[in-house]
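Participant: From TrEMBL, here are the annotated features:
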DOMAIN    25-178  domain 'Casparian strip membrane protein'
TRANSMEM  32-51  transmembrane segment
TRANSMEM  78-102  transmembrane segment
TRANSMEM  114-135  transmembrane segment
TRANSMEM  166-188  transmembrane segment
Amino acid sequence: MKKVPEVTVQLPETKTAAENVGHRKSDVMHGAIRLVCLLTSVTALAVMTTAKQASSISLYGFSLPLYSKWSFADSFEYLVGVSAAVAVHSLLQLLINVTRMLRKSPLIPSRNHAWLIFAGDQIFAYMAMSAGSAASGVTSLNRTGIHHSDLPNFCKPLQVFCDRVAVSIAFTFFTCFLLAVSVVLDVVRLSNC
C-alpha cells in the first residue's frame, strides 16, 4: 500500500476582531486629522485673502495715505498658494479615506501607497512651514518697522490688516503641526506593513 503524501496549504493570516477594531480607530483618527487639517488650511486661506485695510500715517508732519492688501507681498501670496495646495491635498486624502472606510477596505492597500502618502504629507508639511516662516518675516518687519531708518511701524495704522495676517499665519503653523502628526501616523503604518 502506497502512502499518499499530505498536501498542506498555508492560508493567509486572518486578523482578529481586536486588530480590526484597532485599525478602524486608527483610520478614524487619521480621517479626523485630515478633516481638521482641511479646515485649518481653508481658514488660513480665507483669513489671508480677506486681509486689506486703508488708513493714513503722519510722517514728518505730512499725512500719507496707506493701503495694504495681502497680494502686495510675495510671501503672503506664497502662503495663500501653499494653503490652497494643502487644502486640496487634505480634501483628496479625506475623500479617499472616507470611501475606503465605507467600503471597509484598508486605507493603505500597499506599502508603496503608504510611502506615497508619507512623502506627500512630508512635502506639504515642509511647504506649510516655509510659507508660515516667510510670511512671519514680513509681518515682523511691519510690526517693528526698520530700526535704523525713519520707516515707522506700519501695524499701528493698519491694525486690522496685521491682525488678520497674524491669524492666518497661526493657522498655517497649526496646519503644519497637523501634517506632522499625519506623518507620524504614516510612519506607524509603514512599520506595520
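Residue positions begin at 1 at the first shown residue.
Placed from the backbone N, Cα and C atoms, the Cβ positions cover glycine too.
The shown structure was predicted, so the numbers you read here are calculated from the model rather than taken from an experiment.
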Participant: Could you give the residue numbers and ranges of same-chain residues that sit at least 6 residues beyond the transmembrane segment (114-135) on either side and whose C-beta is under 8 angstroms from one of its C-beta atoms?
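Facilitator: Counting only partners 6 or more residues beyond its ends, the transmembrane segment (114-135) has Cβ contacts under 8 Å with 41, 73, 75-76, 78-79, 81-83, 85-86, 89, 93, 108, 165, 168-169, 172-173, 175-176, 179-180, 182-183, 186-187, 189-190, 193.
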Participant: Please give the sequence-distant neighbours of the transmembrane segment (32-51): residues at least 6 beyond its ends with Cβ less than 8 Å from one of its Cβ atoms.
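Facilitator: Apart from its flanks, the transmembrane segment (32-51) reaches 68-70, 76, 79-80, 83-84, 86-87, 90-91, 93-94, 97, 128, 161, 164-165, 167-169, 171-172, 174-175, 178-179, 181-182, 185.
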